[in-house]
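What Swiss-Prot says about this protein:
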- 315-337: region 'Disordered' (REGION)
- Asp722: active site (ACT_SITE)
- Lys797: active site (ACT_SITE)
- Asp954: active site (ACT_SITE)
Amino acid sequence: MSSTKTPISLTIKLNQFTDKPTGLDINRYHNSPIMWRNIIKQLSSRTPQKLLFSSKNRTYSFLGFGQDSVFKDNTKFRSLIPISCSNIVMGFQNLGEYLPGDEFLSRPLLKNQVNSNDFCCRKSYASVAEAVAVSSTDAEEDVSVVDEVQELLTELKKEEKKQFAFRRRKQRMLTSGMGHRKYQTLKRRQVKVETEAWEQAAKEYKELLFDMCEQKLAPNLPYVKSLFLGWFEPLRDKIAEEQELCSQGKSKAAYAKYLYQLPADMMAVITMHKLMGLLMTGGDHGTARVVQAALVIGDAIEQEVRIHNFLEKTKKQKAEKDKQKEDGEHVTQEQEKLRKKVTNLMKKQKLRAVGQIVRRQDDSKPWGQDAKAKVGSRLIELLLQTAYIQPPANQLAVDPPDIRPAFLHSVRTVAKETKSASRRYGIIQCDELVFKGLERTARHMVIPYMPMLVPPVKWTGYDKGGHLYLPSYVMRTHGARQQREAVKRASRNQLQPVFEALDTLGSTKWRINKRVLSVIDRIWAGGGRLADLVDRDDAPLPEEPDTEDEALRTKWRWKVKSVKKENRERHSQRCDIELKLAVARKMKDEEGFFYPHNVDFRGRAYPMHPHLNHLGSDICRGVLVFAEGRPLGESGLRWLKIHLANLFAGGVEKLSLEGRIAFTENHMDDIFDSADKPLEGRRWWLNAEDPFQCLAVCINLSEAVRSSSPETSISHIPVHQDGSCNGLQHYAALGRDELGAAAVNLVAGEKPADVYSGIAARVLDIMKRDAQRDPAEFPDAVRARALVNQVDRKLVKQTVMTSVYGVTYIGARDQIKRRLKERGAIADDSELFGAACYAAKVTLTALGEMFEAARSIMTWLGECAKIIASENEPVRWTTPLGLPVVQPYRKIGRHLIKTSLQILTLQQETEKVMVKRQRTAFPPNFIHSLDGSHMMMTAVACRRAGLNFAGVHDSYWTHACDVDKLNRILREKFVELYETPILEKLLESFQTSYPTLLFPPLPERGDFDLRDVLESPYFFN
């Protein structure tokens, strides 16, 4: 018997459902003789760098199933955190792929990669003792090894308990505190919403048709739904005929291979709803461009085909698995019992990464723009052939019925600036009777990207995150190929800060404020016209004058044109409100819902749902509140009063914080009256600048003040902290500009500085000086005299706000001209134009004086962009959070494709960049990438501090009780952001990317101390 000590490598197949391992596989290995002691030492170590298995890793992740395992094809244990096998000292290498824990047991085994030279499954033993007895000839070594193995098993058991607790904590985080069963129920509903919306609509139409045809019932349907129902059957049948030709190979059309991939009824519903949606929301209401409509419909069909194919594939895979299960009766009873448990787990958890699974398992290629356009065009053509409309029956019985097409296809010619040039494009125009019904269409429309019932899937890649099934992309690239490729190339680690921020924004739970919604519904049912709601009736057209006077008739025609334009705008607003209310009504009975977020190319975050979200108008913000309520506390009660004053506005928001509190307390009777009798009482809330948000706060504040303990009253209201002309705040911080910093509240003051009033005061000083000059020598003196009494903050506000976007002289002139025209102070058009030119010049001069550092930085950024773009390169940079940005401005080329409806002109990027656009757009885009970074940094810090957070670019929201914490965090993050050498890094990146180009030196910076921001109460307020 040899006494030489031989190291033993051990594979333990842990049974997750029992306390004991099912067996031990032992093979001799040639590594360290003190291997077991090293393992125990590493397992028990508390130093993170030395842990072999941290508390976040499954202790048996490295333990693969044997080759004869009954689970080999069905199951694989996975690590909660990907780890490198090379760090494992047990003699095993590369035993398998490590997957995230939230996908644990969620899909079949991906092939284990086992190095047969390093690991051999030769024989199994009933116990540790038997294994050691067979493998060792030294008695002392036997005892030593058994003791060490038992110690190892004890440590593994402890570690598994830790993992169980960790998984429970993670599950609670995943389900947002709603409980596992409730979460799964809501998740299944969410999957149905995303995957069955079109199918359910088609089913509803088929059931209505059955009621009409088979049971001789005429359903009492809303006007628009009756139109849909009338169009549905003939369109479905026409599509089915076309599909039959395609499937039999009788159609040689380019769209043939795509047209039969979806049931005809679903295609019919998608075509009707998408076209009507475009007619509602397009710029010219009642018409839609053919190319846009074709692409939108084609894209919707492709998305639904992918979901449909995946669901069909899933059904087949399930059937195959069920058959395999029936054939596996030879396995032991214990193994069968264990397999059933694993199968049940898989069933319960198979939806965990459903969005990613769809994209991972769907190996079909994207259709491309040409295919989408051809499919969409053919479906539009079929709708044109089958959709008709008949006016109400008010004709004489002897007259033939007036049945006419619901949609018309025509060509519109648009003249360009030069009379010799013009362009033509095809449009789809709906009949007047259809147009009148568009406003009532919203509540019957299928809206696929609804708010989610469960938290969005966490972002892990360009197209991995957001919705469960619906295609979701982390960035809105709008076809910009280089931008899309830049994001895809970026590593997950580089983008992790952005992903984490988007996950934070998406995890905020919202609900509908039913009391405010009921008030909106009452106003809307009464015809609108209150609280900034548009009039539901059109303005009457002026009567035609009974005269041959051409001057009077010309004036009448202009008035008719003006009223028609106003009515189109009213129609557009009514459609928009109907869509918002349709979503609010659908979600009003939900306990809560979530908005998945993504970013634009600059890194600004937006909710993916387009209609009812907190970035929207006052009506949206008024009906949205946090689903979680928190006690106000003393601080929260104070901030709720300040928030009410801010919403009332009208100059109140410019008072000190104490002044705003006093304003609210002085109007408590009005607040109570508004809460109790919003429409029957004095209607004080209607005087607010944001009336519906004001009403929501009136209701909440009334409940709190009237309660026995206002501080313990629960509040769901998001309280806003808004930046003061935030773009100029970022410029002042970049340039360390003391004068600019004081103007935009980067330093403390007794009350908030108003940059617009400051600029207006400077403009007035210049104009008063100019008014004293001799008009013969200075012609603008006359204009200065005419404008002296017109200068106020409203006149210059838009120009000051857009100055950070690089507003040009022409842009400023047009803005000021609109303000002057609204006031009617200057009647003559030529005099109005001259006055606007002069006022714009003076306003830009005042801006340059007050924000000299901002102007110099803006100029430097523009010069750098011009140098780069002159080399036919787009301007690129990386945001402080690691997001790669590529400006998308390239010259657009035309690509003609022939469809069954018409020849379509598709736009596509060329290789030639637009030098001027690259230069003028870079300064505002760069600043927006910085304000987006600040918001994301604040969002993540708030989540870690336990705050609910929502953001609207330069407006940060949280519960009233947490506003003080939010204020501290957002100031700290602003200072943290600008303490990094942002401009220096930008210049360095330019010089590295373009070593042969010469860039101008950085502009000089001032002496402003960034730490002053921490003590400024009105920086955000």
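Just so you know, glycine gets a Cβ as well, placed from its N, Cα and C.
Straight-line distance linking the Cα atoms of Lys797 (active site) and Asp722 (active site), rounded to a whole number, equals 16 Å. Applying an 8 A CB threshold to same-chain residues 6+ apart, the list for Asp954 (active site) reads Asp722, Gly723, Asn726, Asp931, Met935.
Of all Cβ atoms in the protein chains displayed, 19 besides its own lie within 10 Å of the Cβ of Lys797 (active site).
The number of other Cβ atoms within 10 Å of the Cβ belonging to Asp722 (active site), over all protein chains shown, comes to 15. DSSP gives Asp722 (active site) a strand state. DSSP assigns Lys797 (active site) to a helical segment in the three-state reduction.
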